[in-house]
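**Q** Here it is, the structure, as C-alpha cells.
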Amino acid sequence: EQLCWLCLIICGQRCKHVFLWFVEQEKDPGFWKEWAQRTLKNALTLQDLNKNVAKNIILFLGDGMGVPTVTAARILKGQLNGQNGEETQLEMDKFPYVALSKTYNTNAQVPDSAGTATAYLCGVKANEGTVGVSAAAVKSQCNTTRGNEVTSILKWAKDAGKSVGIVTTTRVNHATPSAAYAHCVDRDWYSDGEMPDEALQNGCKDIARQLFENIPDIDVIMGGGRRSMYPRNTPDVEYPGEKKHNGTRKDGRNLVGEWTDRMKDKRGYYVWNKKDLFSLNPNNVDYLLGLFEPADLPYELERNKETDPSLTEMVDVAIKILQKNERGFYLLVEGGRIDHGHHDGKAKQALHEAVEMDRAITRAGLLTSIYDTLTVVTADHSHVFSFGGYTHRGNSIFGLAPIISDIDQKPFTSILYGNGPGFKLVNGARENVSTQNNYQAQAAVPLSMETHGGEDVAIFSKGPMAHLLHGVQEQHYIPHVMAYAACIEDSLCLLENNFVTYSIIRTNTKMTLLIRIHSTFFYFFLHLKSNTVYLTNM
C-alpha cells in the first residue's frame, strides 16, 4: 500500500494502474520464466547471421551518452509514457548486438569529443582536441597538419558513389561532425575568426570553410552554426538585433551564399527555419543545407517547435532525400546536446536529449530495412554521471533518494555527478535540496563545468554484418566494420581464400556475384527470371 501511494504521488493515477499490474504479475514466477523464454526464442534467431552487403549505413552518435545515461533515459522514456520506467525498452535496446567501446585518446585516459570522433569516423585513434588528423599532429600547431590528414567513412562512402549526410543538434562545425570532413589540429577553429594569425599565415583552414571545400558535394547538412558562415558583424537572419549572433568570419566570405550559388542548378536548397524545411518535397531535393541557429540548436525542452525542427524531424527529411540514390547512403546523426546538458549539471536536459535521439532512431528504423541498412548507435565518451540511493521502483528519475544522509541528516538527489556545478554549500553546509522547487543534481567536487568520464561506452548495432560489433573493442574499429559491411574503401569486404574472393549482393530483382581474382574485379549479374538463371558479363 505504501508503494502504491508513493507511485501515485510520483506518476499520477495512470501510473498507479500500471504499477499495480506489474506488482501482481511479478509475484508469479511464471511471469519471469515466460519473459525469459520469449527472449531466448528471439536470441535463437540470431544464429542466422545477416551477411548481406549494407547498401545504407547510419551512425547515431549520442555525445556523452555513457551507459548510466542510457539506463536513465530508458527510465525517463517509460515515465513520460506513464509507466514505472525500469521495464521500458529504448529503441536502441531492441538492437540484437551490443559491444563495448574503449574511448581513450592517444594522449588522454579520459577523452574529448574531437579525438574520439576521429576514431569512430576515420578509423584511427588521435590526440584530444584534434579532428581528422592522426596522432602525429599536435593540438593547435598548424604546421603539424600537412601529411597527417586521415579521411572518414563519410568520404569513403561518397567516393563509392553513395549519398552522404550529416545531421546534428550542435553546430555543423562542432567536434563530432567536423571529423567527418575536416582536418584540423584545433577543434575550436570554427571559423577563421577563432584562429590565431600564425595558423592562418601557415595555410591552415577553419572548419566551416573545410565543410564546403574538402567534400564540396555533401548531400545533406543540417544543424546549427550560421555565424561561422558569414562575414564578421553580419547580422543574423533570425536574431538581427543580437550582436553575439553576428557573423564571425574575418576573410569576408559568405559561405552560405557561395554554396547556394554552386547548387542552384543542382536542386540544392538552403533553409534556416522549420517552415522552410517542411515546405520542401524531398523527392525534388538533391542537396540540402539547413542551418537553424547561429550556434548550437536549443535543448529539446527549450526548442521553439514553430521555428526549429527536432532531431527526429531532421532525420526524417535527411533519409528521404538520401535514399533516392540507388547505390545507398551514409548518414551521421549526432544527439550532441546530451553532452552539453551533463556539462552544465542539467541531467533533465541531457536525458530528454537522449530520449529525443531514441525517437530519431525509431523513425530511421521505419524508413529503412535491416536487410540492407547497417544501423549503429554509440557514444564518443561518458560523463561522471550516475544515479542511486536505493530508490524505489517507479521513483522519478529526477527525484530524491528515499533516505537521508546518516552524516549530515539531509536529503540528496538520486542523480549525482562526480564533479560539476551542482556542488553547493549554504552557510558552510551542504544544501538542503528538498527546499528547492527546481533543484540541480548534486555534485561531489565543485567545478564550473562537469567533466567527461573515462569508462567504456556501449555500441548497439543491427543490420548487415552487425554481428561484427561484439565484445570489447577499440573505438577506431567501428568505421572499419561499416566499410567492410558496405564493401567500400580498402576494406577486405569480401569472403576470401588464397586465389578467389567473392560476395553476393541481393536485391529484390537480381542477385549480383562479385568475383575478384588477383585484385582484378569481374562483375556478373545472375538474373533470376522464370526460375532460369542467366549469366551476363559486365
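Any Cβ shown, glycine's included, is placed from N, Cα and C.
Take a look at what TrEMBL says about it:
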type: BINDING; residues: D63, H174, T176, E334; note: Mg(2+) binding site
type: BINDING; residues: D63, D339, H343, D380, H381, H452; note: Zn(2+) binding site
type: ACT_SITE; residues: S113; note: active site, phosphoserine intermediate
type: REGION; residues: 232-253; note: region 'Disordered'
type: COMPBIAS; residues: 240-253; note: compositional bias 'Basic and acidic residues'
**Q** Go ahead and report the DSSP secondary structure tallies for the compositional bias 'Basic and acidic residues' (240-253): helix first, then strand, then coil.
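**A** Grouping H, G, I as helix and E, B as strand yields 3 helix, 1 strand, 10 coil.
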**Q** Report, as a single number, how many Cβ atoms besides its own are within 10 Å of the Cβ of T176 (Mg(2+) binding site).
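**A** There are 28 such Cβ atoms around T176 (Mg(2+) binding site).
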**Q** Among all the protein chains here, how many other CB atoms are within 10 A of the CB of H381 (Zn(2+) binding site)?
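**A** Neighbour count, Cβ to Cβ under the 10 Å cut-off: 27.
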**Q** Centre the Cβ atoms of D63, D339, H343, D380, H381, H452, go out 8 Å, and tell me which other residues of that chain have a Cβ in range of the Zn(2+) site.
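**A** Residues close to the Zn(2+) site, other than D63, D339, H343, D380, H381, H452: G64, D112, S113, I338, H342, A379, S382, H383.
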**Q** Go through the binding-site residues H174, T176, E334 and tell me which ones have a CA within 10 A of the CA of H452 (Zn(2+) binding site).
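**A** Of everything listed, nothing lies within 10 Å of H452 (Zn(2+) binding site) (Cα to Cα).
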**Q** Among all the protein chains here, how many other CB atoms are within 10 A of the CB of D63 (Mg(2+) binding site)?
**A** 29
